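For reference, the structure discussed in these notes is given below.
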Amino acid sequence: MSGGKSGTKLSSFQNLQQIGQGGFGVVYSAQRENGEKVAIKKIGNAASQTRIKEEIKTMKLLRHRNIVQFYETFFENGETYLVMELCEGGSLMDYVKQKGPLDDSTAVHILRQLIAAVKYIHDENILHRDLSAGNVFIKDATKSTITVKLGDFGLATNLGQHGTACTIVGTPGFIAPQVFGQNYDQAADVYSLGAVLYTMLTKHTPPTKGPPNLESLKKRNPSAADLVERMMHTDARRRIQLKEIVMTDYVKAKMGEATPGSREHSRDSRSQRSREPFRSSRDGISLERRPPARSSSQPVNSRRDPDGYRAAHEMPTTSRTSVEPDRARVRHRLSARGIGSSQEDDLRQQIWPIRMERLVGQRVRTPGGRYIVEMNTRCRFEVVSKGNIVLRILVVEYDPHLLIQTVYVHKMSNRVEHARNETDDLIELTRSPISYTSLSQLPKEVMNDYMRLEKMMVSTIASRVAKITHRRPSQFPDASAQLMENGDLRIRFPNSLIVRRKSNGEVHNYIDGFANNKEEVRGLQLSKVREVYACLTQLEQCLSRMNPTMKILPMVFSAGPDIVATYNNSPSSILPSTSSQASRFPFSEISSSQQLVPHSAPIPNKPLSSRTTSSLNVRNGVSSDENTAPAATRQKYKARLDPVTGRIVSVQAEDNRKLRCSTSKPDQFIFTDPSISSSEQRFMRNGRVPERASEMLHALLVYMKKKQN
């Protein structure tokens, strides 16, 4: 096929080669003038215009990493052309025919991607209706990680809520039996998905009549045969549901494996869950991404570092040597709006969208500008030029409902704004920003700003926020160990700070908390650091497998000798029976006859003793009751009475930290810590509590409770 007459839209594409043909059109690979490779589907004028419009409408609507991305459409000589993402690996059917049956790990890896795509279109009330191995495409068959894309939505149909379809369509062998009865719903796609799994495991297409013969598959892997049988059950009412597939023995047994053909796209499972990429778009539509999940998908919260170790905190945790060259190449390639290499593809997954969960409230001021996390879905970068003038403001927002990240650029061309300090008010935004919805749309200047913002979020801001805090671990009884949001481990002593970098595994002790006064940790101390790190990371993994509706993170807990002994054997067994997050949730005024209700923490496998939970935890140092605190804790703080009302209104620590009740709002508190800043920190009882104010808040409330009684 030629590129068309000069001056036409088709003539702007080069190197057109036919790569596929179906009943509704011919597909070509092509190349844009900027070098980007795309797929072009040519639909003849004999095709139904209604069907063409439906396919275009459906493809424009769908944005998901495992669905072929639609770029644009144009019409020439009575024919319709659809420009889409090119999957150079060909169809899954051709791949299996060439390579033979896939191993179980690879099959499960592909199945999980297809489940995600099918679930997404079902959530949009869309049936694919032609889900077959021939319509599943491999992005790049030369890569060790197989990424598949669901394509060809020419037969897709939109269902109303709880609706059904009534047209016989699909690929023989992959069609559910109820389709022939012309009354079917989303369960039909599950049947087709089972047929795809059967093809991957056997290399054969399912029979057009009757169920497939699974005898040979049962001998090889009974659990795989059982899943295929349940997915291809002739009775739609008894067919396994889409959401249940990932919980079957066959899938669960292979989810943790990382073979060359089945390892996950990201470097660790958390990145895989939380960083689904957007792809390039030619009409402002970007690829879908799953909602962000951090460990156990908990609500956002953040804690600023409670001490003055600012110099050590702000040391980058991402190696510039390994990352910067890649990022430079990405900036160069993406500025030309081209699809990058596999390395750039992987990097694109890491940097779009930006992770903001549980980082809300963080601020950083550098000579280049001010970085602020306004909400768990919104951050900004106020870009500063020479002369301390704000050039523009980059605002990044993530919509958890539409699953889209948008970058807004506010240019300060009509007014002069001077750079502000870290804690100053936000600069007012312009009314007409320029918006971008995919990484490839960003011009070079905006790309540079975006990369700076993303790096600051990962290397500095995430290293300030603690995910899990273990006070007084058995290995270091006079310290507090923290697993940070970026994966670093920080063990805080009265006069030093031990840091284990996740990026390179290096462990250093920062004397007095300064970056220029450090020493490498060795010997027995290094072994203890590794023990603490292993315990906290295992605890994090345990929490990540819990019900995502439970509000767990961030977690702060203390453990006495009895519990620590158990903790060293099994991290999951030491979780407090009531929430250890003293600073995270509200505690009402509870009378002596009422029982304190546990909040959002798991119940231990075995009761620690017959004593009540609160008394046992106080004895062991696990503070779980907001209305009680050990006497030693209360004695550390001096209470002050209001001379008029006689009520306790504040407490003060020996190091001059002060916590007082607000006079303007009944549930608001004001905290000052001179060792960090002279400014006041205001927080609500049921909001984010500064960590160094947590214990003081306990004591203040106990004092107030006793005074009332």
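One is the number of the first residue shown, and numbering goes on along the chain from there.
A Cβ is built for glycine as well, from the same backbone N, Cα and C atoms used for every other residue.
What Swiss-Prot lists as domain 'Protein kinase' is 13-251. If you look up Swiss-Prot, you'll see I19, G20, Q21, G22, G23, F24, G25, V26, V27, K41 marked as ATP binding site, on the strength of sequence analysis. Under the heading active site, proton acceptor, Swiss-Prot lists D130. The region 'Disordered' annotation in Swiss-Prot covers 254-329, 591-633. Annotation source Swiss-Prot lists compositional bias 'Basic and acidic residues' at 262-291, 302-313. According to Swiss-Prot, the compositional bias 'Polar residues' annotation covers 607-627.
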- prompt: So, in DSSP terms, is D130 (active site, proton acceptor) helix, strand, or coil?
  reply: coil
Task: Can you check which residues sit near I19 (ATP binding site), meaning Cβ under 8 Å from its Cβ, same chain, 6 or more apart in sequence, and list them in order?
output: V27, Y28, S29, A39, G90
Inter-residue Cα distance where the pair is D130 (active site, proton acceptor) and Q21 (ATP binding site), in Å: 15
Statement: Least surrounded, by Cβ count within 10 Å, of the recorded positions Q21, G25, V27, D130 is Q21
- prompt: What mean pLDDT score does the domain 'Protein kinase' (13-251) have in the model?
  reply: 80
- line: Cα-Cα, G25 (ATP binding site) versus the residue listed as 'active site, proton acceptor', nearest Å, comes out at 15
